[in-house]
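Engineer: Annotations per Swiss-Prot:
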- 179-242: DNA-binding region (DNA_BIND)
- 16: phosphoserine (MOD_RES)
- 125-154: region 'Disordered' (REGION)
- 231: site 'Required for DNA-binding' (SITE)
- 56-107: zinc finger (ZN_FING)
(Lines of atoms letter the chains of each structure in order from A and count residues from 1; the text may use other names and numbers.)
(Lines give C-alpha, C1' and ligand atoms only; values in the text may rest on other atoms or scores of the structure.)
Protein backbone atom coordinates (compact mmCIF):
# COMPACT_ATOMS: atom_id res chain seq x y z
CA UNK A 1 0.00 0.00 0.00
CA UNK A 2 2.86 2.38 0.72
CA UNK A 3 4.35 1.73 -2.71
CA UNK A 4 1.06 2.55 -4.45
CA UNK A 5 0.66 5.74 -2.46
CA UNK A 6 4.18 6.86 -3.30
CA UNK A 7 3.63 6.19 -6.99
CA UNK A 8 0.41 8.18 -6.94
CA UNK A 9 2.19 11.09 -5.30
CA UNK A 10 4.97 11.11 -7.94
CA UNK A 11 2.43 10.99 -10.78
CA UNK A 12 0.47 13.86 -9.29
CA UNK A 13 3.66 15.90 -8.93
CA UNK A 14 4.54 15.30 -12.60
CA UNK A 15 1.04 16.35 -13.65
CA UNK A 16 1.36 19.57 -11.70
CA UNK A 17 4.74 20.39 -13.33
CA UNK A 18 3.60 19.57 -16.87
CA UNK A 19 2.22 23.06 -17.59
CA UNK A 20 5.52 24.57 -16.57
CA UNK A 21 7.43 22.34 -19.01
CA UNK A 22 5.05 23.06 -21.90
CA UNK A 23 5.36 26.82 -21.45
CA UNK A 24 6.97 28.37 -24.59
CA UNK A 25 10.52 29.52 -24.21
CA UNK A 26 11.28 32.94 -25.68
CA UNK A 27 14.63 33.17 -27.43
CA UNK A 28 16.19 36.59 -27.42
CA UNK A 29 17.64 37.46 -30.84
CA UNK A 30 21.36 37.94 -30.78
CA UNK A 31 22.69 41.40 -31.46
CA UNK A 32 24.58 41.83 -34.72
CA UNK A 33 28.29 41.45 -34.22
CA UNK A 34 30.88 42.60 -36.73
CA UNK A 35 34.57 41.86 -36.71
CA UNK A 36 36.92 44.69 -37.58
CA UNK A 37 40.64 44.01 -37.81
CA UNK A 38 40.43 41.04 -35.47
CA UNK A 39 38.33 42.88 -32.85
CA UNK A 40 34.72 42.26 -32.04
CA UNK A 41 32.59 45.38 -32.28
CA UNK A 42 28.96 45.71 -31.20
CA UNK A 43 26.75 48.04 -33.19
CA UNK A 44 25.23 50.69 -30.98
CA UNK A 45 22.05 52.04 -32.52
CA UNK A 46 21.79 55.35 -30.78
CA UNK A 47 18.53 56.66 -32.13
CA UNK A 48 17.04 53.73 -34.01
CA UNK A 49 13.73 54.07 -32.20
CA UNK A 50 13.11 57.60 -33.45
CA UNK A 51 10.42 57.90 -36.10
CA UNK A 52 10.62 60.39 -38.95
CA UNK A 53 7.90 63.02 -38.74
CA UNK A 54 6.52 64.28 -42.05
CA UNK A 55 3.82 66.75 -42.92
CA UNK A 56 1.76 66.78 -46.10
CA UNK A 57 1.24 70.19 -47.64
CA UNK A 58 -0.74 71.34 -50.70
CA UNK A 59 -2.49 68.89 -53.01
CA UNK A 60 -0.76 68.38 -56.36
CA UNK A 61 -3.37 66.24 -58.09
CA UNK A 62 -4.04 67.38 -61.66
CA UNK A 63 -7.79 67.26 -62.18
CA UNK A 64 -7.50 68.27 -65.85
CA UNK A 65 -5.03 65.56 -66.88
CA UNK A 66 -7.72 63.77 -68.91
CA UNK A 67 -8.11 66.73 -71.30
CA UNK A 68 -4.42 67.58 -71.44
CA UNK A 69 -4.59 70.55 -69.10
CA UNK A 70 -3.38 71.38 -65.63
CA UNK A 71 -5.77 72.28 -62.82
CA UNK A 72 -5.38 71.99 -59.05
CA UNK A 73 -8.11 71.98 -56.45
CA UNK A 74 -6.41 74.55 -54.22
CA UNK A 75 -6.18 72.38 -51.11
CA UNK A 76 -3.35 73.80 -49.01
CA UNK A 77 -2.73 71.00 -46.51
CA UNK A 78 -3.72 67.39 -45.93
CA UNK A 79 -6.50 67.03 -43.36
CA UNK A 80 -7.04 63.48 -42.01
CA UNK A 81 -10.56 62.15 -42.35
CA UNK A 82 -12.53 60.96 -39.29
CA UNK A 83 -12.00 57.34 -40.37
CA UNK A 84 -8.22 57.78 -40.57
CA UNK A 85 -6.28 54.58 -39.85
CA UNK A 86 -2.55 54.33 -40.48
CA UNK A 87 -2.84 50.59 -41.14
CA UNK A 88 -5.59 51.00 -43.76
CA UNK A 89 -4.32 52.72 -46.96
CA UNK A 90 -7.87 53.30 -48.17
CA UNK A 91 -8.59 55.59 -45.22
CA UNK A 92 -5.69 57.96 -46.02
CA UNK A 93 -7.90 60.48 -47.77
CA UNK A 94 -8.02 64.21 -47.21
CA UNK A 95 -11.12 65.51 -45.50
CA UNK A 96 -10.85 68.81 -47.40
CA UNK A 97 -10.34 67.72 -51.02
CA UNK A 98 -11.03 63.98 -50.88
CA UNK A 99 -7.72 63.08 -52.55
CA UNK A 100 -5.35 60.44 -51.29
CA UNK A 101 -2.50 61.53 -49.08
CA UNK A 102 0.06 60.57 -51.76
CA UNK A 103 -1.17 63.46 -53.94
CA UNK A 104 -0.10 65.95 -51.27
CA UNK A 105 3.46 67.26 -51.19
CA UNK A 106 5.47 65.47 -48.51
CA UNK A 107 7.74 67.62 -46.36
CA UNK A 108 10.18 66.09 -43.89
CA UNK A 109 10.81 67.66 -40.52
CA UNK A 110 14.53 68.64 -40.34
CA UNK A 111 14.65 68.09 -36.58
CA UNK A 112 13.36 64.52 -36.90
CA UNK A 113 15.81 63.75 -39.69
CA UNK A 114 18.76 64.80 -37.57
CA UNK A 115 17.48 62.69 -34.68
CA UNK A 116 17.32 59.43 -36.63
CA UNK A 117 20.77 59.71 -38.20
CA UNK A 118 22.96 57.23 -36.29
CA UNK A 119 26.43 58.12 -35.18
CA UNK A 120 29.08 56.71 -37.50
CA UNK A 121 32.18 55.29 -35.90
CA UNK A 122 35.42 55.00 -37.80
CA UNK A 123 36.40 51.33 -37.77
CA UNK A 124 38.84 50.37 -40.52
CA UNK A 125 38.35 46.81 -41.68
CA UNK A 126 41.86 46.39 -43.01
CA UNK A 127 45.29 47.81 -42.50
CA UNK A 128 45.36 49.61 -45.84
CA UNK A 129 42.94 52.31 -44.70
CA UNK A 130 44.15 55.51 -43.13
CA UNK A 131 43.84 55.94 -39.35
CA UNK A 132 41.25 58.38 -37.98
CA UNK A 133 42.30 61.99 -37.47
CA UNK A 134 43.69 62.84 -34.00
CA UNK A 135 41.55 64.70 -31.47
CA UNK A 136 41.67 68.50 -31.57
CA UNK A 137 43.73 68.73 -28.37
CA UNK A 138 46.36 66.37 -29.82
CA UNK A 139 46.45 67.84 -33.33
CA UNK A 140 49.58 69.90 -32.61
CA UNK A 141 51.59 66.98 -31.20
CA UNK A 142 53.74 65.19 -33.78
CA UNK A 143 55.70 62.01 -33.45
CA UNK A 144 59.35 61.71 -34.58
CA UNK A 145 58.34 59.40 -37.45
CA UNK A 146 55.91 61.90 -38.96
CA UNK A 147 58.60 63.64 -41.02
CA UNK A 148 59.72 60.38 -42.61
CA UNK A 149 56.33 58.80 -43.25
CA UNK A 150 54.37 61.92 -44.22
CA UNK A 151 53.64 62.21 -47.91
CA UNK A 152 54.02 65.55 -49.74
CA UNK A 153 50.88 67.63 -50.10
CA UNK A 154 48.97 67.15 -53.34
CA UNK A 155 49.48 69.68 -56.10
CA UNK A 156 46.41 71.67 -56.93
CA UNK A 157 44.98 71.55 -60.42
CA UNK A 158 45.56 75.29 -60.99
CA UNK A 159 49.29 74.94 -60.44
CA UNK A 160 49.37 71.90 -62.72
CA UNK A 161 47.60 73.84 -65.46
CA UNK A 162 50.03 76.72 -65.11
CA UNK A 163 52.96 74.33 -65.31
CA UNK A 164 51.55 72.66 -68.41
CA UNK A 165 50.77 75.97 -70.09
CA UNK A 166 54.25 77.26 -69.27
CA UNK A 167 55.88 74.16 -70.69
CA UNK A 168 53.75 74.35 -73.81
CA UNK A 169 54.60 77.99 -74.31
CA UNK A 170 58.32 77.26 -73.99
CA UNK A 171 58.04 74.54 -76.61
CA UNK A 172 56.26 76.93 -78.98
CA UNK A 173 58.92 79.58 -78.59
CA UNK A 174 61.67 77.04 -79.22
CA UNK A 175 60.16 75.81 -82.50
CA UNK A 176 60.74 79.05 -84.47
CA UNK A 177 64.34 79.12 -83.27
CA UNK A 178 64.95 75.62 -84.61
CA UNK A 179 63.32 76.51 -87.95
CA UNK A 180 65.32 79.70 -88.41
CA UNK A 181 67.15 79.67 -91.72
CA UNK A 182 70.91 79.67 -91.57
CA UNK A 183 72.44 82.61 -93.43
CA UNK A 184 75.84 82.11 -94.98
CA UNK A 185 78.31 84.97 -94.66
CA UNK A 186 80.66 85.57 -97.60
CA UNK A 187 83.94 87.37 -97.61
CA UNK A 188 84.61 90.25 -99.96
CA UNK A 189 86.87 88.04 -102.09
CA UNK A 190 84.11 85.42 -102.49
CA UNK A 191 81.56 88.08 -103.41
CA UNK A 192 83.83 89.54 -106.11
CA UNK A 193 84.59 86.13 -107.60
CA UNK A 194 80.95 85.05 -107.62
CA UNK A 195 79.88 88.35 -109.16
CA UNK A 196 82.56 88.06 -111.85
CA UNK A 197 81.61 84.45 -112.67
CA UNK A 198 77.92 85.34 -112.77
CA UNK A 199 78.61 88.19 -115.18
CA UNK A 200 80.45 85.82 -117.49
CA UNK A 201 77.72 83.19 -117.60
CA UNK A 202 74.88 85.73 -117.87
CA UNK A 203 73.55 85.18 -114.34
CA UNK A 204 72.35 81.71 -115.29
CA UNK A 205 73.68 78.42 -113.99
CA UNK A 206 75.12 76.54 -117.01
CA UNK A 207 73.85 72.97 -116.96
CA UNK A 208 76.15 71.75 -119.73
CA UNK A 209 79.34 72.77 -117.88
CA UNK A 210 78.53 71.44 -114.43
CA UNK A 211 82.15 70.38 -113.91
CA UNK A 212 83.37 73.95 -114.41
CA UNK A 213 80.88 75.29 -111.86
CA UNK A 214 81.91 72.70 -109.30
CA UNK A 215 85.58 73.53 -109.86
CA UNK A 216 84.88 77.24 -109.40
CA UNK A 217 82.94 76.63 -106.18
CA UNK A 218 85.78 74.45 -104.86
CA UNK A 219 88.34 77.20 -105.56
CA UNK A 220 86.46 79.92 -103.66
CA UNK A 221 85.26 77.56 -100.87
CA UNK A 222 81.51 77.88 -101.48
CA UNK A 223 79.03 75.04 -101.95
CA UNK A 224 77.32 74.82 -105.34
CA UNK A 225 73.82 75.04 -103.88
CA UNK A 226 74.82 78.10 -101.86
CA UNK A 227 76.29 79.75 -104.94
CA UNK A 228 73.11 79.00 -106.89
CA UNK A 229 70.99 80.68 -104.21
CA UNK A 230 73.31 83.70 -104.13
CA UNK A 231 73.09 84.04 -107.90
CA UNK A 232 69.31 83.90 -107.79
CA UNK A 233 69.10 86.54 -105.04
CA UNK A 234 71.54 88.94 -106.75
CA UNK A 235 70.38 88.38 -110.33
CA UNK A 236 68.25 91.52 -110.57
CA UNK A 237 70.73 93.86 -108.90
CA UNK A 238 73.64 92.36 -110.87
CA UNK A 239 71.93 92.73 -114.25
CA UNK A 240 70.81 96.28 -113.53
CA UNK A 241 74.35 97.21 -112.50
CA UNK A 242 75.79 95.67 -115.65
CA UNK A 243 73.19 97.48 -117.78
CA UNK A 244 74.15 100.83 -116.29
CA UNK A 245 77.85 100.09 -116.80
CA UNK A 246 77.38 99.07 -120.48
CA UNK A 247 74.93 101.80 -121.41
CA UNK A 248 71.81 99.68 -121.40
CA UNK A 249 73.39 96.53 -122.86
CA UNK A 250 73.31 93.40 -120.76
CA UNK A 251 76.24 91.06 -121.09
CA UNK A 252 74.99 87.70 -122.26
CA UNK A 253 71.47 89.06 -122.61
CA UNK A 254 69.16 89.55 -125.55
CA UNK A 255 70.34 93.09 -126.38
CA UNK A 256 74.02 92.14 -126.54
CA UNK A 257 75.60 90.74 -129.71
CA UNK A 258 78.34 89.14 -127.67
CA UNK A 259 77.76 85.81 -125.94
CA UNK A 260 79.84 84.41 -123.14
CA UNK A 261 81.06 80.90 -123.75
CA UNK A 262 82.15 78.66 -120.92
CA UNK A 263 84.56 76.05 -122.31
CA UNK A 264 85.16 72.75 -120.58
CA UNK A 265 88.79 73.58 -119.78
CA UNK A 266 87.78 76.35 -117.33
CA UNK A 267 88.83 79.43 -119.38
CA UNK A 268 86.32 82.04 -120.43
CA UNK A 269 86.24 83.93 -123.71
CA UNK A 270 83.80 86.23 -125.47
CA UNK A 271 82.91 86.10 -129.14
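Every residue, even glycine, has its Cβ placed from backbone N, Cα and C.
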Engineer: How many other Cβ atoms are found within 10 Å of the Cβ atom of residue 231 (site 'Required for DNA-binding'), counting all protein chains shown?
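Structural biologist: I count 18 other Cβ atoms within 10 Å of it.
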Engineer: In the zinc finger (56-107), how many residues does DSSP assign to helix, to strand and to coil?
Structural biologist: 9 helix, 12 strand, 31 coil
